[in-house]
Structures are given as C-alpha cells and as structure tokens.
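To start, the structure itself, in structure tokens.
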Ligand SMILES: Nc1nc2c(ncn2[C@@H]2O[C@H](COP(=O)(O)OP(=O)(O)OP(=O)(O)O)[C@@H](O)[C@H]2O)c(=O)[nH]1
Ligand SMILES: [Mg+2]
C-alpha cells in the first residue's frame, strides 16, 4: 500500500482567526512535549456524525456525509501538515448494521489500521439519544476486544447534535449530565472495567455541533449553548488525553489476532452460518417440498397449508 503524502492543512484558514490561533497554540504545546503528529481515530454506530466531525475538525469537506446509511465500508485517513505538525484523522464506517455489530466492518477497520499508531480515539455518539441499550454495550465491547482495555485511557466521548433543547423540562446541564452518565456507565460495563479503575480514567465527554446552523460568537466561532467555542475545546481535550501519561496504541498483527486463538476464526462465523443455512435449512425445505409432492393431499388440506393456488 502506498503511503499517503500529507497535504498542507489549508482548511485551518476557514476558521475564524481566534480559533486558528488557539489551534496553533495547542499544536505548539504538543510540539514542546516532542509530539509532532497526532493520529485521531473516530468510531461509533452508524449515522452518529463521525464523518461530519472529521470535516468540522479539518475545516474541509473531505469525508462524505449522509443522512442515510453510507454504502462504503472503507475507513479513510486524511493527513494534513501545518507548521511541521502532522494531523491524521481516520474516519470509519458505522459499526452497527441491522441491529448487530458489523463484524465485517470491524475486520476491515482492523486491517486498515495495521501498523498504524492511534494517539486518540473519539468514540462518537449523539447527545440527543435518550437511551443506551445492549447494542451500545456490544459496540464498546467490540472496540475493547479489538484494541484492548487500554484504548479507553486514550479516548474521549464525543456527543454530536449538541445544539438541542432538552425534553421533559430538564435544563441543558442536567440533560448533558444524565446522557454522559448513562453512556459512561455503558462504556464501563461494555469494556468490563472496574468502577474505581474507570473513575481514575476520568474519560472526558465533549460536545460537538456539526450543523451549519450552529450558533457563533462575535468572533464567528461556532459555540455550544453555554458559549464555549467547541472546535478549540475538542482539540484542547484531545491534547490533554495525549498528555495523560498513557501510551499510544500501535495496531500490530498480534493485537489484531487477539490473545484468544479461538477468536481468530471469528471473521468466518457469518460465512459458516450462511453455509449452514443453505445446507441444513435449504436441505430441510427441499425435503419437505419433496414430501409434499409425493403425498397426494386433498386440495382443502393444501389450501390450509397455504400451498395450493387460491383458485377455489
Ligand atoms: N444537527 C446536526 N446534524 C448532524 C450533526 N452531525 C451529523 N449530522 C447529520 O447527521 C447525518 C449523519 O452524519 P454523518 O457524519 O454522515 O454520520 P456518520 O457517523 O459518518 O455516518 P456513517 O458513516 O453512515 O456511519 C447527516 O445528515 C449529518 O448532516 C450535528 O452535530 N448536528
Ligand atoms: Mg461516515
């Protein structure tokens, strides 16, 4: 595979000057700590706003955004250079399809990430979802199984659609607190991290509003309902995660194969199931059809079985 040649980060110029300065200041701070590149991975369920967030951070429309399920399963990496700093952002397809974790999508993501080092994971979901369910837990589990529990030391939760009016007479802060709490709990359970350990992680939850109708301040910066310009805030929190003393995650073959050799064949499970379906289920169906053909049943009985033409 050919290495992508990073382009100059021109999108930063789309931001208001205040935002540009803050972003350059944050990147400068990282460089002082000898960090000269940042690889950000975005993951989450389908349609939660991963690609939109990529575009918002870069100030460029690079990732395709769709209100409907995206067709492609391919992850994409966008690399940009600014002031000797390299920013890599990896957008991935939604991990949930038809009520299940899409193992195939996960497998493709893993292979794409092989030999890459992830500095920070943005686990993306929507602020305006009112429930967490077992599916959320499964997504968390899938991420944890892929990268190890350690990934959560290098993560932040990103909640999109931040510009909302909370339901049920809750005020914004209350609503945000409840949503964060529910999601964090789900992450803790899904990742099987003990409560004390999880509290030590202090996984940050950051708000994002990708909509073109996001409110702006006098400087033209997109702001959250509390007035915080969210792009610099998001990048700031990422830099704190990067500086928290934990190590980046290098995705090598060992990590992909996993500690459990029984997991190695997992990719084939859907294929095996499909195969079994055709051999066993279709076989039985055929046998039944054969039986029916052999037995000459009275018409009324066939009708009750729904097998005869509705001609009588
Ligand atoms: N109002 C609002 N809409 C958003 C926000 N983020 C994304 N959207 C919309 O939500 C839809 C899905 O956004 P995407 O960015 O394509 O979501 P995704 O997670 O990349 O989706 P998949 O790649 O299909 O998994 C699009 O119609 C976006 O315009 C947000 O913060 N606020
Ligand atoms: Mg997308």
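Placed from the backbone N, Cα and C atoms, the Cβ positions cover glycine too.
Quick look at what TrEMBL lists:
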DOMAIN    35-259  domain 'AIG1-type G'
BINDING   47-52, 66-71, 161, 209-210  GTP binding site
BINDING   51, 69  Mg(2+) binding site
| How many neighbouring Cβ atoms, not counting its own, are there within 10 Å of the Cβ of residue 210 (GTP binding site)? | 21
| Mean of pLDDT values spanning the domain 'AIG1-type G' (35-259) | 94
| task | With H, G and I counted as helix, E and B as strand and the rest as coil, say where DSSP puts residue 68 (GTP binding site). | result | coil
| Should we count any of the binding-site residues 49, 51, 66, 68, 210 as near ligand 1, judged by a CB under 6 A from one of its atoms, and which? | 49, 51, 66, 210
| request: Fewest other Cβ atoms within 10 Å: which of the binding-site residues 47, 49 wins that one? Let me know. | output: 47
| Residue, out of the binding-site residues 51, 68, 161, whose Cβ gathers the largest set of other Cβ atoms within 10 Å | 51
| field | residue 69 (Mg(2+) binding site) and residue 51 (GTP binding site), Cα-Cα, nearest whole angstrom | value | 12
| field | Pairwise Cα distance for residue 69 (Mg(2+) binding site)/residue 47 (GTP binding site) [Å, integer] | value | 7
